[in-house]
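**Q** Handing you this structure, nothing more for now.
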Amino acid sequence: TGQSLGAGWARGEVTGPRRFLARCAGPAGEPSRPSPPPRAWPPLKAPVGVWAPLAFVTLLSFASRFYRLSEPPHVCWDETHFGKMGSYYINRTFFFDVHPPLGKMLIGLAGYLSGYDGTFPFQKPGDRYEHHNYIGMRGFCAFLGSCLVPFAYLTVLELSKSLSAALLAASILIFDTGCITLSQYILLDPILMFFLMGAVLSMVKYNSYADRPFSAPWWFWLSLTGVNLAGAIGVKFVGLFVVLLVGLNTVYDLWELLGDLSLSLVTLGKHLLARVFCLILLPLALYTAQFAVHFAVLNKSGPGDGFFSSAFQSRLIGNNLHNVSVPEHLAYGSVITMKNLRMAGGYLHSHWHLYPEGVGARQQQVTAYLHKDLNNLWVIKKHDSNTDHLDPSHYVEFVRHGDVIRLEHKETSRNLHSHQHEAPMTRKHFQVTGYGINGTGDANDFWRIEVVGMKAGKRIKVLRSQIRLTHLATGCILGSSGKTLPKWGWEQVEVTCTPYVKETPNALWNVEDHINPKLPNISLDVLKPSFPEILLESHMVMIRGNSGLKPKENEVTSKPWHWPINYQGLRFSGVNETDFRVYLLGNPVVWWLNLVTIGLYLLMATCAIVAMKRGVQLTAELKELSEVLLHSGGKIMLGWLLHYLPFFMMGRVLYFHHYFPAMLFSSMLTGITWDTLLKFCAGCLSCSLGRRVYTYGTLALMLLIVYSFYLFHPLSYGMVGPMASDPNSPMAGLRWLESWEF
């Protein structure tokens, strides 16, 4: 099984379990053996035996994905987001997204090369594209989605050495309405699945050259595996699941090599280094390069600025911090603004309005405000002195780590204050207010200023220093809860003082604006973060953004257990009888066949393992079938588990389309499992009857899949007229589950 499949095809050999089906035939033309019956299943021969079916399924795949690609001519579902992000790349405008940049960069590149000018606003689903060229971006996604079929065909063919298994797996993906729908729009999913399947195919191919290590094909497929891994992670973080699959496969390979006593330690070292270079260092380098391009292209200020730190924003052309000169170190008497480091945390802010009756102490409100405003300005003063440090006769005194300070609101002259009254929104946190008259207050106005990772006595830098303000009287820490205040708080963000000491971005601040006429100014270019720093910050922001994704009001979400049973789809377009409606739902026969197959595979694998454990004497043919089932099918089953089970542990909002990477594995498993089962059944019967059972069984499965696609294809290509809940609708009889809303 380690022999190159391509070489076997070229020689016309029957490899692996195909000998089981050819047991009635034997090798023809050898005079030293008894004359066998006529060959029932001829061996695979290149090009007709393998490449002709590959060309056929590839043609069908492209035809099914590109059919009616331009319809509907309006924005559908998440095209709102990813089409807009493609426009941002064309316009070089910085934005924020919870996913890595590769997928959106490729969408933007496809749009640019196909003549799209980046001016369509992508405001909401249903907006018509009019004269804007959107076909290039949809066509790019459809192209990558079409490649999934030949990838699956070649992967199953390599694993099972069975043309029928490969054709069955390809048919499932060609005629699945869900895969077609997901491939026809400007989305990240077809791009992610392209790299995922590319990584699996490359992994399987380099495994097939195990008997020719360090040969050119072996290096090619090993390196291509690393390239595809970088692509998968670069589109979405769930690409880490295929990284884990390849990693486990690599560990197994190295363990097997370790047990081969014919290999020297030097050779084992070469194997290890080759995998470290191709599967770790190469993907990391490519992944990092994607972000380098991302930051280089998006160099203009845009809607993503507020999610990042002030230092990050100073890089962006058009941002109010770009090319600005300010004093570098904080001094007493300076007028400053402080920005919270949590994602979209806002500036420390106060105004003349008081907290309403019954909400803590009736004192001046302190909030976090997301926009630039004069009410964001604070004067930093010594806690025990009201001296005017801006007086020319007074010497400059810098603020240092560990100092006890007082912050006086510039517009209202009230001090930043906290006490043991409960915060308005967050229970068990203390209220933060503005208190005092003309800077005169009480001991609850005193705060210790500390910088993360700095020693006592060191100066504090604008932009770069991460500041923590600890309330001297209560020991609580000033922070932004992220909760929006009611209308009495002008729907700004709540600021509290938390008694629970945690190193979170909510409790950290940085000084952004800094005004002090007694200090020399420096250009913020000097304080710009390095590439490793912005790379780390962007990942922290993406991770926090992912964990913060919660379902919106009236939004259709789903649970992971819904997905394999095809319980509920997603409306891509249209909500009433007059609309052109597209509904993301898997082909029911395909999805339920895949679900049954998972149980069938576990049963067959268990029987094979128990039989071998009990020492049952299996024929050579059954041993080969068992190896395909356990070794090849096991890899695919592991891929399904790795791409499905982690979603049960995720706290973020989940949607039906998250299952489709796992669905690719279950479809390939269906091809391998049913092919093995039919071969086993054929082996238990006479030659002629066995041939008929195997052939007709495979054809029956394919025809069932095609017929189901014929029934449900309007879900992908568009429906008009009455909804399926209406008895007069042509789709009424196909609403097999009440949860299907097409």
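Note that Cβ sites are derived from N, Cα and C of the backbone, with glycine treated the same way.
Sharing the feature lines straight out of TrEMBL:
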DOMAIN    327-383  domain 'MIR'
DOMAIN    396-452  domain 'MIR'
DOMAIN    457-514  domain 'MIR'
TRANSMEM  135-156  transmembrane segment
TRANSMEM  162-180  transmembrane segment
TRANSMEM  187-206  transmembrane segment
TRANSMEM  218-251  transmembrane segment
TRANSMEM  272-293  transmembrane segment
TRANSMEM  589-612  transmembrane segment
TRANSMEM  633-653  transmembrane segment
TRANSMEM  659-681  transmembrane segment
TRANSMEM  693-713  transmembrane segment
**Q** So which residues does the transmembrane segment (218-251) touch in its own chain, when a touch means Cβ under 8 Å and the partner is 6 or more beyond its ends?
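**A** Cβ under 8 Å, 6 or more out: 99-103, 188, 191-192, 194-196, 198-200, 202-203, 205-207, 209, 212, 274-275, 278-280, 282-287, 290, 542, 546, 635, 638-639, 642-643, 646, 658, 661.
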**Q** Spell out yes or no: are there three or more C-beta pairs under 8 angstroms between the transmembrane segment (162-180) and the transmembrane segment (589-612), with each pair 6 or more apart in sequence?
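**A** Contact criterion met.
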**Q** When you check the transmembrane segment (187-206) against the transmembrane segment (693-713), do you get at least 3 Cβ pairs under 8 Å, counting only pairs 6 or more apart in sequence?
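**A** Counting Cβ pairs under 8 Å (6 or more apart in sequence), the transmembrane segment (187-206) does not reach the transmembrane segment (693-713), since there are fewer than 3.
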**Q** Quickly jot the same-chain residues contacting the transmembrane segment (589-612) by Cβ under 8 Å, restricted to those at least six beyond its ends, or write none.
**A** 172, 175-176, 178, 564-566, 618, 626, 629-630, 633-634, 637, 640, 663, 666-667, 669-670, 673-674, 676-677, 701, 704-705, 707-708
**Q** Can you work out the mean pLDDT of the predicted model over the domain 'MIR' (327-383)?
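**A** In the predicted model, the domain 'MIR' (327-383) has a mean pLDDT of 90.
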